[in-house]
2 protein chains.
Amino acid sequence: MAFDPASLKYDAAGLIPAITQDTGGAVLMMAWMNADAVARTLDSGRVTYWSRSRQAFWVKGESSGHVQRLIEMRVDCDRDCLLLLVEQEGPACHTNRRSCFYTAIRDGEEVEIMAPLAG
Amino acid sequence: MAFDPASLKYDAAGLIPAITQDTGGAVLMMAWMNADAVARTLDSGRVTYWSRSRQAFWVKGESSGHVQRLIEMRVDCDRDCLLLLVEQEGPACHTNRRSCFYTAIRDGEEVEIMAPLAG
C-alpha cells in the first residue's frame, strides 16, 4: 500500500511524535513532525522535524552539522507515533551529548550517565 | 539530586510521552504517563501508563500478562520525554507483535516487517 503522510493520526496541533534511534540501537531523541515534515524527511532523506518553539521546519543539523540521515521510517500500530532509524552525525543533543536521554533515575536519584562529546 | 516526578514537563493534559525499549535495544512502543503513573512505575517496578482513551491507570500486562519490568527510567534534556528500559514479557503490541513499530515505509510503500508471535 502506498504510504500517505495524511493517513497518520496527528494531535490537535497537527503534530505526531517521532522517536529517533541510531543504527547501533541507541534512542537519541524525540521530537515532533507535521505531515509536511514527514513528507520532506522521506523525500530528502534528511530528518526534518517541526519546531514547536520556532513554529518552523527544523532540518536537524542544518546549523550544527549534526545531521540525521534517514535509514528507515516506521509507523506504529495506532499510526500516531513514528520511529526513525538514522545515521547520526556527531551528537544528537544540543548539550553535545550523543543522546538526549543522559539522565537516569537510580535509587530515587538523578544520575548523569553520559558525558558531552569532546570538541 | 533526588528525583521528583513533579519536576518533569507535562503537556496541557498533564501527560508526558514515554518511549519503551527492551533490553535487546528494540523500541517497543510509546505511550503516556502522568506524574502519578511515573511515581507508580518507579515504586512498583511495573510499567504503568495513563490510558488516554480510558482515562485510567494502565498497568501494562495486567490483563494480558505481557508485563514490562522496569530496568531503568531516563529523562531527556528538556525533561519532557521519558525513556523506559524494560524486560518485556511476550509481545508489547496489542496485535501480538513484539513491537508496535512493525510497519516500515520502503520506496513509498508500507511494508509489514514483523509477524505476530505464535500462540
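Glycine residues also receive a Cβ, built from the backbone N, Cα and C atoms like all the rest.
Keep in mind the model is a prediction, meaning the values are calculated, not measured.
Quick look at what TrEMBL lists:
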BINDING   A:ASP76, A:ASP78, A:ASP80  Mg(2+) binding site
BINDING   A:CYS77, A:CYS93, A:CYS100  Zn(2+) binding site
DOMAIN    A:29-102  domain 'Phosphoribosyl-AMP cyclohydrolase'
- Item | Those residues of the chain, 6+ apart, with a Cβ under 8 Å from that of A:CYS77 (Zn(2+) binding site) | none
- Message: Using a 10 Å cut-off on CB atoms, tell me which of the binding-site residues A:CYS93, A:CYS100 is the least crowded.
- Response: A:CYS93
- Near A:ASP80 (Mg(2+) binding site), which residues of its own chain have a C-beta under 8 A away, given they sit six or more steps off in sequence? A:LEU8, A:LYS9, A:TYR10, A:ASP11, A:ILE16, A:PRO17
- Item | Distant-in-sequence Cβ neighbours of A:ASP76 (Mg(2+) binding site), under 8 Å, six or more positions away | A:LEU82, A:LEU83
- CB neighbours within 10 A of A:ASP78 (Mg(2+) binding site), counting all protein chains shown, number 14
- Helix, strand and coil totals (DSSP H, G, I; E, B; other) for the domain 'Phosphoribosyl-AMP cyclohydrolase' (A:29-102): 10 helix, 29 strand, 35 coil
- Note on the structure: Looking only at the domain 'Phosphoribosyl-AMP cyclohydrolase' (A:29-102), mean pLDDT returns 97
- Query: In Å, rounded, how far does the Cα of A:CYS100 (Zn(2+) binding site) sit from the Cα of A:ASP78 (Mg(2+) binding site)?
  - Reply: 25
